[in-house]
Amino acid sequence: RDTELPRSPPAAAEPRHASPAAPRRLREKLRSRSSAPAAHTAPASRPQGPDGERPAEVGTGAPRESRAPFHFDYERFRQSLRHPVRGGRPDQDPDTRARKMKIKEMMKFAWDNYKQYALGKNELRPLTKNGHIGNMFGGLRGATVVDALDTLYIMELEEEFQEAKKWVEKSFDLNVNGEASLFEVNIRYVGGLLAAYYLTGEEVFKSKALELGEKLLPAFNTPTGIPRGVINLGRQDTGMSWSWGWASAGSSILAEFGTLHLEFLHLTELSGNPVFAEKVLNIRKVLKRVEKPQGLYPNFLSPVTGNWVQHHVSIGGLGDSFYEYLIKSWLMSDKKDSEAKKMYDDALEAIEKHLVKKSAGGLTYIAEWRGGILDHKMGHLACFSGGMIALGAEHAGEERRQHYMDLAAEITNTCHESYARSDTKLGPEAFRFDAGTEAMATRLSERYYILRPEVVESYVYMWRLTHDVKYRQWGWEVVKALEKHCRVEAGFSGIRDVYTTVPTHDNMQQSFFLAETLKYLYLLFCEDDVLSLDDWVFNTEAHPLPVNHSNFKAKASVQ
């Protein structure tokens, strides 16, 4: 649509990290019609790297001989866990338990309405009581089912979990033909299926995850091995893939190609096929080689040349989960992937030096960087960073540990302020620190809330690492606000303006609301041994993937 966009966000499934930060006109075009390919790549059987090397030859430590028939030892894996998946400690005080049960009721309500009105579609439209498909997943259906599986399981919603599992067994069709976001399919579908398998041992989840993972491989057929952002899931013969039409000059996006590592290592772990690990280890190799301006990673990289396309740096949309996956790659490797840890430490040092600022009112925030010029705004998506920094601080040297825990607490407090300063007590899509405004949206187009999880995600990590009760109090404020402003007759809906107490609903129950927002709220009121951080790392859609306590087949070492 080339007409002027409405001031409030269109009611459609929102990409989790990348696309919300895209120019809105182009985003709307992407949603409203099937985008033409922006930059085709010629099919290639084995892509050549910029120096003539073949990316797939990257060493992974995995044996090269045929592995068939490969068998993943699920029982051995379960025995390696240090805590029962759903915890084993006695219940906490009655108030905390009641709050946990309230969040479980919200999940059941969200699921029941999706099942009644939209089962098999990607999301529920709760006002019109029908389903939404969208074109972000290339013809795949049931995004809410796959995103909800592990949450239903953890909350012991057994009947509902069986309903979801049955849909995956009987109705989840991977033989589709359409343009899909590599990133979104990976974090929601591959991540959701992997987590469901590791939690339950049900083979159907593993087989679907591996089959879908295979369909994503043609995206990597580029001169550098850096994948393009969009792949046609039905064109396996040509491996055609292209980059988002709005991405700068046909480039790939840092948060998209940098948010594959956790899932792809697990695809290798479960299949015995080293190709998945090789693909993501090659991405790391390219990123290590390219020069970083001021030590920072810009958001756009050419998959053809392996060079940055422009110098826009963000810890919010377009950049965010790349940094998250560095520290989590190290944790998932049982702290053996020292390369990921060093990349994370160096990146965080540069971020703190160049992007972390303090407002006149004393609020710490992370600005965006455009070729050396700071934009003093922070997106809701960037609010995951408090939790990430706290997670990394646990493993910093003693003198740095407290420094990073303080920084994490300050950023999380700023994100809480963005909620506290709104009339609904829910946070806007972006908030600014300029012209006397602090932690509030100043533009009409940034006032919406689409059930996003990043702020409560940070509350969970801060709670587990400090046990400061304020984080549970802040989480309960979110529960009350969701109930008051987002709960409608047939589900939960985003709202178009957090600064009015009679908000307009956007008629969309995002799949990530069930995958992330409700899961994190539930975990906030659980004992620490429920999905213990000793055993699990969460992908960027909050799907838990296990720490490798035993032998780490795809050793993350890149020469």
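Each residue, glycine too, has its Cβ placed from N, Cα and C.
When you check TrEMBL, the disulphide partner of Cys383 from the set Cys415, Cys486 turns out to be Cys415. There are 26 other CB atoms within 10 A of the CB of Glu454 (active site), with all protein chains counted. Taking a C-beta cut-off of under 8 angstroms and a sequence separation of 6 or more, Cys383 (disulfide bond) has the following same-chain neighbours: Ile411, Thr412, Cys415, Ser418, Gly427, Glu454, Val455, Glu457, Ser458.
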